[in-house]
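Here is what TrEMBL records for this protein:
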type: ACT_SITE; residues: Thr150; note: active site, nucleophile
type: BINDING; residues: Arg178, Val179, Gly180, Asp181, Thr201, Gly202, Asp203, Gly204; note: substrate binding site
Amino acid sequence: MAAVGTWSFSRTAVERMRCMLLDGQNATDVVETAMAEVEDDVDTGRHIVGRGGYPNFKGVVECDAAIMEGVPGRFGAVAALRGIAQPCRVARQVMEKSPHSLLVGDGAEAFAQELGFTSEPNANMLSDHSATAYREYLEKNKPVRGGHDTIGLIALDLSGNITVGVSTSGAPFKSPGRVGDSPLPGCGLYADHTVGAAAATGDGDKIMCFCPSFQVVQLMRQGSSPNEACHAVLADIQRRIGGDKCFEIGLVSLNMKGEVGAASSVGFPYTFWNQGLSSVEELVINQQKTINV
């Protein structure tokens with residue numbers, strides 16, 4: 001059993017995952033529950049996730065989320081979804097009950113409503129923090145500082161099931177309808193029950209051009225450790241774009257042995273737990289250098 005999450009703010013989610021996994025719960029339920037709690041917490045909205053996230057340039061919060069099991073063909077996602085504070089739960093239902101794999105915009109919202117989800121007014125999706133940031137953007141063209149946070153969670157359960165999920169409210173003040181890497185299989189997330197899973201975070205418009213999560217899992221399939229795979233994919237991206245600088249990208253991965261790996265082009269904290277640990281730990285990738293915290 002093991003769990004991993006992107007960024008420091010995932011610690012609470014990984015703690016929740018740890019308790020659920022030790023209780024024998026299924027990896028998909030674990031990821032969905034832990035992620036939904038983060039999405040619905042207005043205080044984590046400033047990390048560009050769910051309720052309290054930053055709106056598009058018209059002032060409307062639009063969320064993307066996806067969930068993928070290691071079993072072939074088990075994937076569901078939503079994008080540009082309005083009025084739903086826990087989009088990962090809708091993504092789960094797309095996987096379970098829709099003939100499609102990805103629903104967007106009005107279609108995603110209509111699907112959610114048909115299943116009993118309540119669409120909330122946009123004002124409920126904003127926090128004081130994100131509403132203020134939007135006003136400052138309109139009045140002063142002031143950007144949001146602090147990077148491209150997105151939550152990615154991976155869980156490996158007692159029965160050997162592995163599931164990965166991602167959720168984001170997207171780039172602050174984006175164009176309406178913009179979709180980043182997060183809900184795209186192979187880009188924001190990927191899982192294979194014979195190998196492991198990976199998730200990406202960062203500049204989604206750039207990340208989606210490289211399918212890094214798929215690449216990480218493929219390298220693990222070929223024998224690389226999770227850490228080796230993440231670093232190799234990042235190095236390949238840097239080589240391909242040339243120059244000394246790389247866009248913001250963080251990668252986390254987990255194999256079927258419960259081993260965790262990560263790599264990043266920026267300072268990147270992530271949290272993890274496996275059966276060999278008594279509590280959730282946090283590591284920081286500092287542009288290829290790892291430190292304990």
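Our numbering is plain: 1 for the first residue shown, then up by one each step along the chain.
Each Cβ is built from the backbone N, Cα and C atoms, and glycine gets one as well.
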Largest separation between Cα atoms (Å) of residues that the record links to substrate, namely Arg178, Val179, Gly180, Asp181, Thr201, Gly202, Asp203, Gly204: 16
Integer Cα-Cα distance in angstrom, Gly202 (substrate binding site) to the residue listed as 'active site, nucleophile': 7
Other C-beta atoms that fall within 10 angstroms of the C-beta of Arg178 (substrate binding site): 16
Cβ neighbour count (within 10 Å, all chains shown) around Val179 (substrate binding site): 22
Entry from the binding-site residues list Asp181, Asp203 having the most other CB atoms no farther than 10 A: Asp181
Cα-to-Cα gap, Gly204 (substrate binding site) vs the residue listed as 'active site, nucleophile', nearest whole Å: 10
Proximal residue to the residue listed as 'active site, nucleophile' among binding-site residues Arg178, Val179, Asp181, Thr201, Asp203 (C-alpha distance): Thr201
